[in-house]
Amino acid sequence: MRLFLLALLATLAVTQALVKEEIQAKEYLENLNKELAKRTNVETEAAWAYGSNITDENEKKKNEISAELAKFMKEVASDTTKFQWRSYQSEDLKRQFKALTKLGYAALPEDDYAELLDTLSAMESNFAKVKVCDYKDSTKCDLALDPEIEEVISKSRDHEELAYYWREFYDKAGTAVRSQFERYVELNTKAAKLNNFTSGAEAWLDEYEDDTFEQQLEDIFADIRPLYQQIHGYVRFRLRKHYGDAVVSETGPIPMHLLGNMWAQQWSEIADIVSPFPEKPLVDVSAEMEKQGYTPLKMFQMGDDFFTSMNLTKLPQDFWDKSIIEKPTDGRDLVCHASAWDFYLTDDVRIKQCTRVTQDQLFTVHHELGHIQYFLQYQHQPFVYRTGANPGFHEAVGDVLSLSVSTPKHLEKIGLLKDYVRDDEARINQLFLTALDKIVFLPFAFTMDKYRWSLFRGEVDKANWNCAFWKLRDEYSGIEPPVVRSEKDFDAPAKYHISADVEYLRYLVSFIIQFQFYKSACIKAGQYDPDNVELPLDNCDIYGSAAAGAAFHNMLSMGASKPWPDALEAFNGERIMSGKAIAEYFEPLRVWLEAENIKNNVHIGWTTSNKCVSS
């Protein structure tokens with residue numbers, strides 16, 4: 001009995017000590033979160049200065065400050081080991097401590113960390129500074145990706161001109177950084193192992209807090225693949241009509257330079273030559289925006305109005321004062337790739353975008369403002385929770401609004417779409433146009449990370465790195481480069497996110513769940529009823545819906561304080577990511593395409609590409 005009593009007293013003493021420690025830990029975290037917000041703000045300011053004016057001095061400053069923060073994070077990780085946080089009662093404290101033990105690249109030794117920052121800066125800077133010569137004038141060599149090269153790739157229908165720009169860009173944006181990329185993979189792997197992951201792939205996937213996540217995506221993609229193959233077959237059939245058999249084969253992969261986008265990630269720019277009913281208008285309000293004197297400022301004001309119409313948060317004054325929404329004309333180099341920034345203070349949020357007055361850019365504005373709304377909704381949370389429920393949630397928010405903005409119903413409402421008659425043919429045109437962005441993107445997005453996972457996991461011999469990239473693009477997307485590539489080339493970093501070390505799975509996840517969000521928001525707004533043909537999902541406008549806004553608020557204000565299924569549940573009662581909503585949205589198109597492809601004897605699927613040879 002005495003022994004039992006002593007054991008009980010010892011247990012009570014330990015428990016009391018733990019309760020006491022938990023109170024201290026709470027206070028420690030409160031102070032630490034404030035300090036981290038302050039320090040991250042300084043780092044973000046330096047990154048902003050560099051991204052909006054690429055100079056050696058700004059790069060040096062940015063990297064020095066990042067190194068300082070990394071050092072501090074190491075000290076924090078060391079401090080957290082002094083707490084027995086895994087035994088605490090509070091799930092919230094456990095979650096915060098767990099987040100703080102993930103050091104990422106800061107786990108690297110100082111020299112390696114500095115080298116990694118230099119390597120990433122070199123790749124990002126190379127990408128931002130690419131200039132090529134004019135196809136028709138070899139003395140004019142100042143064409144940048146944004147806007148000049150992208151303009152040609154989207155508008156030109158001369159396949160030789162397109163192939164020229166494709167090769168020039170990939171050679172300069174990709175091949176030029178092969179050695180840096182190899183070193184980046186080595187350092188990424190080293191950091192992952194120091195964080196107790198087997199590779200960088202597992203480190204990235206850990207953000208989704210689900211061991212089966214990779215398999216779930218494979219399964220969802222397998223469900224969507226038949227629709228993608230129908231779209232691919234139909235587009236190839238129409239491109240053959242336009243360019244002829246010598247340029248596009250009947251059964252092979254599609255030459256990617258013909259698809260209106262440098263990376264063939266979305267094909268809506270070639271809608272004019274592949275749209276199902278060419279005599280019916282396609283929704284493109286770019287010309288009307290020009291005619292009505294739209295400016296980048298007006299586009300952002302409209303986006304702000306959409307959020308506030310749903311009772312969500314208005315853009316703060318700091319946003320208008322500090323954002324860069326047009327390409328500066330003073331000749332400086334900057335990263336033009338649209339991005340949204342959180343400075344971890346109160347109401348200091350910004351966008352950097354070289355905005356052009358086009359329909360597509362109007363949607364991009366809403367996408368970026370979705371990030372900003374998320375920042376504003378969770379800014380009351382402790383620093384460690386000031387991020388998305390998972391990376392895909394952050395990307396999806398603005399896209400839900402873009403799906404709504406792009407409907408004929410909304411564009412008519414705001415006076416940009418005139419004399420539009422929505423019959424069955426116009427509807428198929430519109431669904432097809434949306435699919436060229438939303439369905440076509442899925443295999444592309446998957447391959448961006450499947451490729452890097454394979455390098456991080458050491459599954460591909462270095463001698464085959466380039467052809468491994470094209471093999472995946474062929475296998476998943478059925479596209480190929482316009483010219484033969486070899487291991488003398490290195491093409492993956494010609495995509496910004498690969499040069500800049502941005503995980504890409506977030507976009508795949510976003511393109512799936514945004515349809516889940518959209519469907520639920522449309523039902524809440526009384527804009528979609530599966531049993532009412534007058535209220536279809538593909539013409540639902542959630543503008544002005546306080547009910548949809550409240551659902552967004554419930555989810556966004558949680559930040560990362562709970563695992564993402566809890567955030568999804570707060571929005572619509574579901575806990576599982578599913579491809580059902582995206583299938584529902586495109587069902588009328590699937591039915592039409594299958595019949596049309598059979599009628600035209602269109603080949604579905606593609607033979608293996610021979611456009612990359614391992615030397």
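Here the Cβ of each residue, glycine as well, is placed from N, Cα and C on the backbone.
Here is what Swiss-Prot says about this protein:
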{"type": "ACT_SITE", "residues": "Glu368", "note": "active site, proton acceptor"}
{"type": "ACT_SITE", "residues": "His497", "note": "active site, proton donor"}
{"type": "BINDING", "residues": "His367, His371, Glu395", "note": "Zn(2+) binding site"}
{"type": "DISULFID", "residues": "Cys133-Cys141", "note": "disulfide bond"}
{"type": "DISULFID", "residues": "Cys336-Cys354", "note": "disulfide bond"}
{"type": "DISULFID", "residues": "Cys522-Cys540", "note": "disulfide bond"}
{"type": "DOMAIN", "residues": "19-607", "note": "domain 'Peptidase M2'"}
{"type": "CARBOHYD", "residues": "Asn53", "note": "N-linked glycosylation site"}
{"type": "CARBOHYD", "residues": "Asn196", "note": "N-linked glycosylation site"}
{"type": "CARBOHYD", "residues": "Asn311", "note": "N-linked glycosylation site"}
{"type": "SIGNAL", "residues": "1-17", "note": "signal peptide"}
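Feature map: Swiss-Prot annotations on the structure.
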residue: Asn53; record: N-linked glycosylation site; Cβ within 10 Å: 16
residue: Cys133; record: disulfide bond; Cβ within 10 Å: 15
residue: Cys141; record: disulfide bond; Cβ within 10 Å: 11
residue: Asn311; record: N-linked glycosylation site; Cβ within 10 Å: 15
residue: His367; record: Zn(2+) binding site; Cβ within 10 Å: 22
residue: Glu368; record: active site, proton acceptor; Cβ within 10 Å: 24
residue: His371; record: Zn(2+) binding site; Cβ within 10 Å: 21
residue: His497; record: active site, proton donor; Cβ within 10 Å: 19
residue: Cys522; record: disulfide bond; Cβ within 10 Å: 27
residue: Cys540; record: disulfide bond; Cβ within 10 Å: 25
Item to complete: Name the secondary structure element type, per DSSP in three states, that contains Asn196 (N-linked glycosylation site).
Response: coil
Worksheet entry | Cβ neighbour count within 10 Å of Cys336 (disulfide bond) | 21
Fill in: Spatially closest candidate among His367, Glu368, His497, the listed recorded positions, to Cys540 (disulfide bond) (Cα to Cα)
His367
Response to the item:
Within the same chain, the residues at least 6 apart in sequence whose Cβ is under 8 angstroms from that of Glu395 (Zn(2+) binding site) are His367, Gly370, His371, Arg506, Tyr507, Val509, Ser510, Gln514
Worksheet item: What residues, ordered by sequence, lie under 8 A Cβ-to-Cβ from Asn196 (N-linked glycosylation site) and sit at least six positions away in the same chain?
Response: none
Item to complete: Using Cys133 (disulfide bond) as the reference point, find which of the recorded positions Asn311, Cys336, Glu368, Cys522 has the shortest Cα-to-Cα distance to it.
Response: Cys336
Item to complete: Have a look around Cys354 (disulfide bond) and count the other CB atoms within 10 A of its CB, chains all included.
Response: 19
Worksheet entry | Rounded distance in angstrom between the Cα atoms of Cys336 (disulfide bond) and the residue listed as 'active site, proton donor' | 13
